[in-house]
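Here is what Swiss-Prot records for this protein:
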- K13: active site (ACT_SITE)
- P96, M97, G98, G99, G100, I101, G102, G103, G104, S105, S106: ATP binding site (BINDING)
- D138: active site (ACT_SITE)
Amino acid sequence: MVEAQLVLPAPAKLNLMLHILGRRPDGYHELQTLFQFLDYGDELGFALRQDGVIRLQTDVPGVAHDSNLIVKAARALQKQSGCTLGMDIWLEKRLPMGGGIGGGSSDAATTLLGLNHLWQLGWDEDRLAQLGLTLGADVPVFVRGHAAFAEGVGEILTPVDPEEPWYLVLVPQVAVSTAEIFSDPLLTRDTAPIKVRPVPKGNSRNDCKAAVERRYPEVRNALNLLGKFTEAKLTGTGSCVFGAFPNKAEADKVSALLTETLTGFVAKGSNISMLHRKLQIL
């Protein structure tokens with residue numbers, strides 16, 4: 001196996017709040033959400049190829065190759081830039097699929113930034129984020145790498161700096177269908193818009209929570225268990241749920257109690273993604 005020339009993280013994200021303001025004529029929903037990164041995520045390795053081939057390697061079952069966002073991101077950048085080089089890409093998967101913590105979108109953003117570096121394209125963040133948006137609404141925030149208040153379908157980003165607590169994230173063993181939740185007839189779609197600043201704290205609910213709890217008892221159970229120790233929230237459309245703690249020791253203590261029956265992890269909130277911290281020292 002060829003040795004990776006560059007190894008980069010693909011961090012998780014949390015939606016600290018998610019409000020649905022209405023449905024647009026094109027069927028998409030107008031949102032307001034607050035993204036923050038975690039110092040925890042997938043890891044991608046990259047090695048240049050001279051033959052133009054994009055090849056993804058992973059041992060994780062269920063990760064489709066040609067339809068994977070990593071491959072789509074690489075081929076889109078290759079096409080748009082006219083680059084004739086290829087890339088071997090290795091994925092070490094830690095983030096759950098269908099978990100609402102941005103695994104696929106983060107992998108795509110890390111791919112765009114990694115290939116931009118190794119192919120020496122010189123694209124700026126604006127151009128990479130614009131390409132990222134064609135892959136998914138959450139990709140641009142990972143490309144930019146700063147915690148953000150997002151509007152529109154999630155593509156209008158305003159950098160913000162919320163507090164950076166420790167989080168316990170629980171991972172119910174179920175993949176939530178985002179399309180199913182957003183088509184739920186009982187989904188709240190008329191929340192009044194809020195201002196970007198001050199950073200939302202008190203008004204920080206997730207409008208998808210009730211619909212997810214109705215359809216996925218595993219998520220409801222995780223929220224109830226975590227809610228005995230701290231305010232339990234849903235990230236995105238789930239399935240992951242999370243709670244904030246003032247320090248790692250308290251998060252670890254609750255994790256030890258809950259992860260006997262549930263999968264989960266403890267991670268620090270970060271307003272600058274660990275991907276961008278790594279890129280800054282290259």
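Cβ coordinates come from backbone N, Cα and C, glycine included.
Feature map: annotations from Swiss-Prot on the structure.
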residue	record	Cβ contacts under 8 Å, 6 or more apart
K13	active site	F35, Q36, F37, L38, I101, G102, S106, D138, V141, F142, T235
P96	ATP binding site	G103, V171, A175, S239, C240
G98	ATP binding site	V174, A175, V176, S177, S239
G100	ATP binding site	N15, V176, L234, T235, G236, T237, G238, S239, C240
G104	ATP binding site	N68, L69, M97, G136
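Summary of the ATP site environment: with the site residues P96, M97, G98, G99, G100, I101, G102, G103, G104, S105, S106 set aside, the chain residues having Cβ atoms within 8 Å of the Cβ mean position are A12, L95, G236. Mapped onto three states, the DSSP output places S106 (ATP binding site) in helix. Cβ neighbour count for S106 (ATP binding site) (all protein chains, 10 Å cutoff from its Cβ): 29. Looking only at other Cβ atoms within 10 Å, the busiest spot among the recorded positions G102, D138 turns out to be G102.
Secondary structure at P96 (ATP binding site), taken from DSSP and collapsed to helix, strand or coil, is coil. Following the DSSP three-state reduction, the secondary structure of D138 (active site) is coil.
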